[in-house]
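Have a look at the structure below before the remarks.
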Amino acid sequence: MNGTEGNNFYVPLSNRTGLVRSPFEYPQYYLAEPWQFKLLAVYMFFLICLGLPINGLTLICTAQHKKLRQPLNFILVNLAVAGAIMVCFGFTVTFYTAINGYFALGPTGCAVEGFMATLGGEVALWSLVVLAIERYIVVCKPMGSFKFSSTHASAGIAFTWVMAMACAAPPLVGWSRYIPEGIQCSCGPDYYTLNPEYNNESYVLYMFICHFILPVTIIFFTYGRLVCTVKAAAAQQQDSASTQKAEREVTKMVILMVLGFLVAWTPYATVAAWIFFNKGAAFSAQFMAIPAFFSKTSALYNPVIYVLLNKQFRSCMLTTLFCGKNPLGDEESSTVSTSKTEVSSVSPA
């Protein structure tokens, strides 16, 4: 065995070294140099300083500007809420524990932090799925002239929270558990042990299939169809500047959406899968820590991709930041409704 399993923890170092101590009681400087913990604290502070204002500004703008409270924008607000949860309940805890060099909040704090971080991440993930389905329905029109209402948008948001809870809650009630991971400063599901008391294997398989593979499949299918539909419409209307513009905007958004998701979560999922299928194999604490902390950046660039590239949100944000005046002038605002109509009115060939 190349790791040490204890009460609610697993340290990726054999206790034959005599160095292993509980990550809830002692600094873990035998896993990584003290400067690495300080670097992690600086990194988390950076994410907090950027993530909280960006996500908070999205929520403030939506509250201030009535025109943003449209059904197709509800899911973007949900993304901001998910990002704020990750920042407030995940990043701040990791910042504190990194400064201390160990998970100083104990097993209960670990369970709460792991739950909130997983919940926020899963709400964001399923929000992307709902966003993909919404745009597929609006652009590809598989159900004909479907009017997307507030009821549909609210149902989509409720769905994201139900799916997120279905992933994040089981470890709190005995199906798997939340334990410190990486350099023991943040918590996540137990991919590491075969403890039959917690049925870790069945939970991890459920999580990978239902909360990673399934969402990825849906996202790729819906956006693949969306791009094909827009390209087909543009090919039939080659002289239409508006259709060409719609094609460019939608294609750019699709590429950024898919890349953003894969860049954030694929390294973490890949490493977790490797650890799960290679129980007992030797690996360093940094091997899991780096992708785990890198995935947290999704809370930062999600609003950049899904909100700041939305002309309507961008215009309102600038108006809010500059006390009611848009420094870019009226041109930015005037193109909002036109662009929205262009992308939404593309019909299948």
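Cβ from N, Cα, C; glycine included.
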Choose one of C110, C140, C228: the cysteine that Swiss-Prot connects to C187 by a disulfide bond.
C110
Do the topological domain labels in Swiss-Prot for Q70 and M143 match, putting them on the same side of the membrane?
yes
What same-chain residues, at least 6 away in sequence, bring their CB to under 8 Å of the CB of K296 (N6-(retinylidene)lysine)?
M44, L47, M86, G90, F91, T94, A117
Helix, strand or coil at N15 (N-linked glycosylation site), per DSSP?
helix
Just to confirm: which same-chain residues, 6+ apart in sequence, have a Cβ under 8 Å from the Cβ of N15 (N-linked glycosylation site)?
T4
Just to confirm: which same-chain residues, 6+ apart in sequence, have a Cβ under 8 Å from the Cβ of N2 (N-linked glycosylation site)?
P12, L13, S14, G280, A281, A282, F283
